[in-house]
């Protein structure tokens, strides 16, 4: 009998610790009054996907949240899948050229491509895992209903 009580007590302790953790996560995802500061948190991995699932209710935007982009779709997808931003790709191309005083005019002009001046496209990982984000920022990745 005492073994059963001990097991029941252990199960109860695990359930309570799990419930308090889930409750603290739900606090971050609860709707807030307008004007009140929203808590921010870092969401990475499974926590990010679960937060998006809860906030967006299964309705998501495409890979990039902005409808119009400075970078062409094929170029941005190549950079996305290679793990390289447009800035990093431009820096790698510039590193392959000889040093400044020796550059020929055509090579020097090639350094001034649009990729140097493009703004880096940021995704949900950049905004919510690399740095903290709020629920309203997470909602910007939800699709229209």
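Glycine too: its Cβ is placed from the backbone N, Cα and C atoms.
Swiss-Prot annotations:
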- 128-133: disulfide bond (DISULFID)
- 1-19: signal peptide (SIGNAL)
Close in space but at least six residues away in sequence, with Cβ under 8 Å from that of residue 128 (disulfide bond), the same-chain residues are 42, 43, 44, 48, 51, 137, 138
Near residue 133 (disulfide bond), how many other Cβ atoms are within 10 Å of its Cβ? 22
